[in-house]
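Asks: Below is one structure. I have some questions about it.
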Amino acid sequence: MDPKPPAAPTESSAQHVASHYNSRPELGLEKRRESKIIRLRKFNNWVKATLIQRFCRRGFRVLDIGCGKGGDLGKWGMARIGYYVGIDIAAVSIEQAQARYNENRRNKFSAEFHALDCYRNSLQSILPRDFVADIVSMQFCMHYAFATEQTARQMLQNVAQNLRPDGIFIGTTPDANWLVFGNAIYQVEFENKTDFSLFGHRYRFTLEDAVDDCPEYLVHFPTFERMAAEYGLQLIFQKPFHEYYQSLLGNQDAVNTLYSMGVVTDDGATMSRDEWEAAGLYLAFAFRKIQR
Ligand code: SAM
């Protein structure tokens, strides 16, 4: 019998992802306010802000892999970081991130931006020679690395190699356990509904005003956790967004941030049922690099 064919050609799907994000216009504040998923965006931002608040300290050196258009720069600024490196496969997004950084004169931290496929290349060629991150962040982007075991390993190698011992790796990613039926604002279409392989299990994802029918890959979290341990990364926690939200309701700072970031308004307006359901697609996680 012929051996199993090799995994799908991932280079071209990476290009597909890059051109998808490159062609998404920068919406601007006005358009973002009109979006159907405005509160979901705010909620996602709240999750990222609370992760940063919990794990980031003043003066930290940050490595933001898959940084996109630099949507988290303000959050890092609030955490008073010392240095920021943002990298993304989408060159247009990187230009927009750099422009966003340049426009904000209140930034107290230095920053640099690079366009690179971080799942098929080592970061050594682009990072400053002595750069070591105190915290690595991968927000809503790690699942693209699960196209093959090789790309997932390159991603983990890039995280672990550039993080100091005891440093923190935080992120958010779709939760493979969530039953995905879709609703008025998101749709998920699996290409293969029977064979759930650990890598390369592709689905197409659409989220109103954010992602248009983009190929993504399931992250099997136990596999991710086991592989991360091989790179010296030890899980601190992982929680689906709904549970993560519940867990922070006793934390006054996090609750105040729900209001200050506009997830909930003073008159009680918040996410629609569809938005809340879509938020449940994701999970948040944190790892610590252990001393060896
Ligand atoms: N982290 C940003 C945020 O939270 O706003 C952007 C998230 S966006 C949903 C996913 C990002 O992952 C896109 O900017 C995309 O270009 C980036 N990405 C996907 N594959 C990548 C790769 N191989 N290397 C680097 N970035 C990648």
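Note that Cβ sites are derived from N, Cα and C of the backbone, with glycine treated the same way.
Straight out of TrEMBL:
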{"type": "REGION", "residues": "1-25", "note": "region 'Disordered'"}
{"type": "COMPBIAS", "residues": "10-22", "note": "compositional bias 'Polar residues'"}
{"type": "DOMAIN", "residues": "35-290", "note": "domain 'MRNA cap 0 methyltransferase'"}
{"type": "BINDING", "residues": "Asn44, Asn45", "note": "mRNA binding site"}
{"type": "BINDING", "residues": "Lys48, Gly66, Asp88, Asp117, Gln139, Tyr144", "note": "S-adenosyl-L-methionine binding site"}
{"type": "SITE", "residues": "Lys69", "note": "site 'mRNA cap binding'"}
{"type": "SITE", "residues": "Lys75", "note": "site 'mRNA cap binding'"}
{"type": "SITE", "residues": "Arg100", "note": "site 'mRNA cap binding'"}
{"type": "SITE", "residues": "His143", "note": "site 'mRNA cap binding'"}
{"type": "SITE", "residues": "Glu216", "note": "site 'mRNA cap binding'"}
{"type": "SITE", "residues": "Tyr282", "note": "site 'mRNA cap binding'"}
Asks: Consider each pair of residues in Lys48, Gly66, Asp88, Asp117, Gln139, Tyr144, all listed by the record as binding S-adenosyl-L-methionine, and report the largest Cα separation in Å as a whole number.
Replies: 23
Asks: Relative to ligand 1, which of the recorded positions Asn44, Asn45, Arg100, Glu216 have a Cβ found under 6 Å from one of its atoms?
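Replies: Cβ under 6 Å from ligand 1: none.
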Asks: For a quick check of understanding: among the recorded sites Lys75, His143, which residue's Cβ has the most other Cβ atoms within 10 Å?
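Replies: By the 10 Å Cβ neighbour count, His143 comes out on top.
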Asks: Please report the distance from the Cα of Gln139 (S-adenosyl-L-methionine binding site) to the Cα of Asn44 (mRNA binding site), rounded to the nearest angstrom.
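Replies: Distance between the two Cα atoms comes out at 10 Å.
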Asks: Given Lys69 (site 'mRNA cap binding') and Asn44 (mRNA binding site), what distance in Å do their CA atoms have, once rounded to a whole number?
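Replies: On Cα coordinates alone, these residues lie 15 Å apart.
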Asks: Looking at the recorded positions Tyr144, Tyr282, which sits with the largest number of other Cβ atoms within 10 Å of its Cβ?
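Replies: Per the Cβ count within 10 Å, the most buried is Tyr144.
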Asks: Which of Asp88, Asp117 has the fewest nearby Cβ atoms, counting only those within 10 Å, among these binding-site residues?
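Replies: Ranked by other Cβ atoms within 10 Å, the binding-site residues Asp88, Asp117 bottom out at Asp117.
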Asks: What's the CA-CA gap between Tyr144 (S-adenosyl-L-methionine binding site) and Glu216 (site 'mRNA cap binding') in angstrom, rounded?
Replies: 6
Asks: If H, G and I count as helix, E and B as strand, and all else as coil, what does DSSP give for Asn44 (mRNA binding site)?
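Replies: Where Asn44 (mRNA binding site) sits, the three-state DSSP reduction gives helix.
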